[in-house]
Amino acid sequence: MIPLDPAQRAAELRRRLQEANYHYHVLDQPRIPDADYDRMLRELDALEATYPDLATPDSPTQRVGHTIATAFSEVRHTVPMLSLNNAFSDPEVLEFVRRITARLGETAPSFSAEPKLDGLAISLRYQNGIFIQGATRGDGVTGEDVTANLRTLPTIPQRLQSDTWPTVLEVRGEVYMPRPDFEAYNTQARLRGWKVLANPRNGAAGSLRQLDPHITAQRPLSFYAYGIGEVADDVSFHSHSEILASLRAWGFPVSPLVELVYGSEGLLNYYRRMETIRDTLPFDIDGIVYKLDDLSGQHEMGFVARAPRWAIAHKFPAQEQTTTVEAIEIQIGRTGAATPVARLTPVQVAGVTVTSATLHNADQIARLDVRIGDTVIVRRAGDVIPEVVAVITDSRPPGVTAWSMPMACPVCGSEIVRETGAAVWRCSGELACPAQRKEAIRHFVSRRAMDVEGLGVKCIELLVDAAVVHGVADLYHLSLDQLLRLRLVTNAQTPTMLLREARDHVTGMRYQQLEEILRTVGVDLSGEGDVPEHWQIDVLRAQWPDFDWNHKKIATKWAQNLIAAIDRSRQTTLERFLFALGMTHVGETTAKALAHSFGDLAIIRQLPWPLFKCVPDIGGEVARAIGHFMDQPANQQAIDDLVERGVRITDAHPPTSTLRDQLTLASLLEHLEIPKITPMRAVQLATLAPTLPLLAEADLDALLQAGVPQPAAQSLTEWFQSPDNISLARRLQHCCDVLLAQLPSPDRAHTAPLNGQSVVLTGKLASLTREAAATRLEMLGAKIVGSVSKKTSFLVAGEDPGSKLDKAHALHVDIWDEARLLDFLEQYSAQ
């Protein structure tokens, strides 16, 4: 007799697993993490093993997936597409190998090991070398006919190569979406207003279930073959590795990571290696599949109800787990972006304790409907910040209310605003907001910006909180005394400890002044009262007496190194400086493009936003962001302060000649984004007046008489009726004229001395950085490449050049030393 509780539990587990199967396999909308599904399946499997009468024919332990969706016709698999048993620990893998060695009598059998892709399993059927049908796994016995969609995948051969294939061949494999392609697709989807894909796995599954193959063809899907189903008798195999080799020969892509390993040690070593590189792979994997390589051994091992005994999936630690949202807080970034963050009940995800996860923005919270108190699925992959990916609404407690963005910044109290059509809310406090100042400074000193080594996040927070540093320019006024004072206070865990440590550096009246500072900030020196929470910050904000630092009692080398690093950063390149400013939408690539095109900070900081569209790959949104930044008096003052403190651009140069075509009147009209003014209409309007201010004087009748269509003519005249637009047009024309006057003559532009030449730089240059040298060479037409080849025109070799110099010698590539480079640059900078 089966006890009631196990029977009820088994029924509940079956119901929940079947519901999860339906959402996962049919709707492509997973409701629970894979780890939760695996736990429930193992629990049900254990119950059915203990009480065999509980097992039912439709139990999830007996079947692979769910019944097929009704949108596609059914395909019955000639050879069932079975699932694999899972191993979650090394002992389970050892037991898997032990069973095989005991049955086959081999001490170290060979296994085929390969990553387990997180995609959609499919079966491809070929007759006489021609692809005739493709189907999903479905429930393992019956799948969905997705032939038309699979034909759109370029990685699936429509006709097999060579002539050794069997007359009938079923190939099993995985359709997946590479992560870079997934991210690129979503970027385009957002720009075009399409629905974004939730994750690569859902993207692959949903793409194959599109009723319109044209939609599938737009999705970046790939395929790897990993086995076979039905095969005609005219071809036979002896091992799984032989099967994979044949599949490659017939034109199927097979994972290059497949390896033949031996015994349990080989399996676990492979697992460790793949676990190490997992997050660097261009596709998602959730474990490793081990298959006994010898086919006769596979036959002898046989099957259990739902899986082969000769194969197993060794799963990685789960990258998704469920937990509870305890609070939703707002973090303020360097550009003022207000990012909601979920504070979570601590949970282990991929081996790391996660206590918070990003919610990205308010729209994402609304889409997921995340509420405080909800049970959510949290995902963490590699170094990626943990994120909430789904809400388990069935577990929502009663009475929880929808979340809304607060109207005030939690740091400075300024209004939080959102521009029309934008996804991001921002604190309007700008540099008056301490949170934005901290993030702006952290970005400014980062390695790819001004590269100030030794100034960490904690130090930046203390410098800002203590009002020692108000902006990035203040870094260049930091003194050894200020930094040592900072270290002395922060190392002291209590006021008493601070006074004790201070005796090594100050005595007499100055020591009494320090005691008075502590009393002023609320510290009871008798030790009986409570210590104020922020006493260290308050002490640092006070006016200190002079200290005679005893260098034997306090470390000073770190402070000296930091001041030296700050001093070195005064000499920088234009692209580094622009990137360091932290303008919205301006990353390294955009900063480099701006520096290459305009060449001079004095030019860039005066330009109106439309002229930034002259730079390749900069559109209206980015151009407006740069223009807005440069139009703010506080930002111009910050640049002035940096220049005043000795920051110098070492690679300034005239604007590039390629700007000329972007500075015509027709181009300026396009850049202004006036409604109804198409590129063709802009060319027409440019024939009516030589400059923007003169074109602004044309009235509607004059435009109509000149043949300009009514909608365009009316839109233009209405646009010029705005005083702000008139002012913008005049400023734009003036800056355009200034740029044109500074451009190289057309003759010189066509005779760049390094046009078409590939140049490699290696080693350290004494007179300028390699970045600066590369920029100067690019201005003269060179293409800078990273490796030496026969096509390399010349190699610039500084100190400690390394292997590139050896390769250049071997290939007889021309080699320039620094003196020759400087002579060349000086020769052409003078022209």
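Going from the start of the chain as shown, residues are counted 1 onward.
Just so it is clear, glycine is given a Cβ too, placed from its N, Cα and C backbone atoms.
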* Determine which of Arg9, Arg137, Arg151 appears in Swiss-Prot for the same NAD(+) site as Asp34, Ala35, Asp36, Tyr37, Asp38, Ser83, Leu84, Glu114, Glu174, Lys291, Lys315. => Arg137
* Asked: About how far apart, in whole Å, are the alpha carbons (Cα) of Lys291 (NAD(+) binding site) and Cys409 (Zn(2+) binding site)?
  -> 56
* Asked: Taking Cys409, Cys412, Cys427, Cys433 as the binding-site residues to compare, which has the smallest set of other Cβ atoms within 10 Å?
  -> Cys412
* Set of same-chain residues at least 6 away whose C-beta sits under 8 angstroms from Asp36 (NAD(+) binding site) -> Gln321, Thr322
* Determine which residues of this chain, when Cys409, Cys412, Cys427, Cys433 are set aside, have a Cβ within 8 Å of the centroid of the Zn(2+) site's Cβ atoms, and list them as they appear in the sequence. => Ile332, Gly336, Pro410, Val411, Gly413, Ser414, Ile416, Ser428, Gly429, Ala432, Pro434, Ala435, Gln436
* **Integer Å distance between the CA atoms belonging to Leu84 (NAD(+) binding site) and Cys409 (Zn(2+) binding site)** => 51
* For Lys116 (active site, N6-AMP-lysine intermediate), what is the secondary structure by DSSP, using just helix, strand and coil? -> strand
* Average the pLDDT scores across the domain 'BRCT' (749-831) and report the rounded value. => 84
